[in-house]
Amino acid sequence: MNTLSAISNNKQSKELQILNINFNQDQGCFAVGHEYGFLVYNTNPIDIRVKRNFNINGHGSGIAHITMLHRTNYLALVGGGKNPKFANNKLVIWDDLKRKNSLNLEFMSPVLNVLLSRIRIIVVLKNQVLVYGFSSPPKKFATYETIENEFGLADLSVNFTNSIGNNLSTSNSSISSLVSNQVSYDSNKYQTLAFPGRSIGQIQIVDVSPSGQEKNLVSIIKAHKSKIRCLALNRSGTLVASASETGTIIRVHSTHNTALLYEFRRGLDRAIVTSMKFSHDDSKLAVLSDKNTLHVYNVSPLNTSSGATSDLVTHNETYPVNRSHLLGSIAFPIPIPKYFKSTWSFCSVNTNKYHPSGSDNDTINDVGIIGWSGNDSIIIIWQNKKIWEKYVIVEKRNKYLGDINDGLNTSHQGSSNWELVRFNWKNLDNLD
């Protein structure tokens, strides 16, 4: 056994600097780009599936962005870090079965984000979003101008009639067979793409399915007064959630008619919303901010269009109900601040109680990425702490009329309160 090599590899693992984390389309896997290559994990239970080290030959190795294509052997890679594997203005579609590049696209500016489906490659630049066909060579279908989008914000809905893929380690499909084998794909199904508009606070909605590209229609949602900081589509592409750089309000709009369906309050203080995800059944929205607080909102169709809880009608008394302020239901002779009429999450947790931030800047400014496992379990991957966590929504009976400790009214007598409990956690360094 080469002892020096083993020690070196172990030291490299402990010092691993993560550059990017992304869940795949069904959130059953997630990929990690780092200074030496990339890793792919099964989400729950967490288990390492693929480990690629590009640092062996001494050449460039850093991967600053990675996107999986379901569970196939194709991944989108962009170089970065101290010693990049590829230039940051170059997108590589990596065939992990053959361990080589399958497609390459180069641009005049850095690639900030990449979204994949079996028929589309979406490339996000600072002021543009480009739509390509997933073919060899890739054919460009459309270019959309955006406001300065330094965080590469964009999201693509998941068409699950088109999501059947091979295991990452066993797939033998080529690019041509991947695209041509569309027996289960319905070209009339929407494949919604959301990204910032040309003006502050706007979101553009485009259908990038074959039928949608023929129509080439763009819907504009005026979502916020401030610049968009985070956005997310539900699986079916019918809802888009967004937060501005202020971070106090979460709004959910219809992508079909741009109507505002829900308006939720995250908090009173400014915060950066770092991640948002809808649950698999589109009934819940999880939101994580730089304050390390995880909120979950009910966006079930049973809710009213305004998102208010007081008008909720349901025959299931254990169904999660978003909270409202006690003063919001009282009639006052004069108008009261909008804050007291806000709708709040039905459960939340400050994750700092499980892992205090400490004094290290890397952990204080840590970024968590959200994924769902089922409809009641939320996975958070912390980039700097390199921690995987599983939080579960659990029910707790409330004997009283409401919880008045924080001034929020959960619901009526006999209904249920909900809480987020950390069920498990693991350190990514210990999984190699």
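Note that Cβ sites are derived from N, Cα and C of the backbone, with glycine treated the same way.
Positions annotated as repeat 'WD 1' by Swiss-Prot: 223-263. What Swiss-Prot records for 268-307 is repeat 'WD 2'.
For the repeat 'WD 2' (268-307), DSSP puts the residue distribution at 0 helix, 18 strand, 22 coil. Here the repeat 'WD 1' (223-263) is broken down by DSSP into helix, strand and coil counts: 0 helix, 22 strand, 19 coil. Averaged across the repeat 'WD 2' (268-307), the predicted model reaches a pLDDT of 86.
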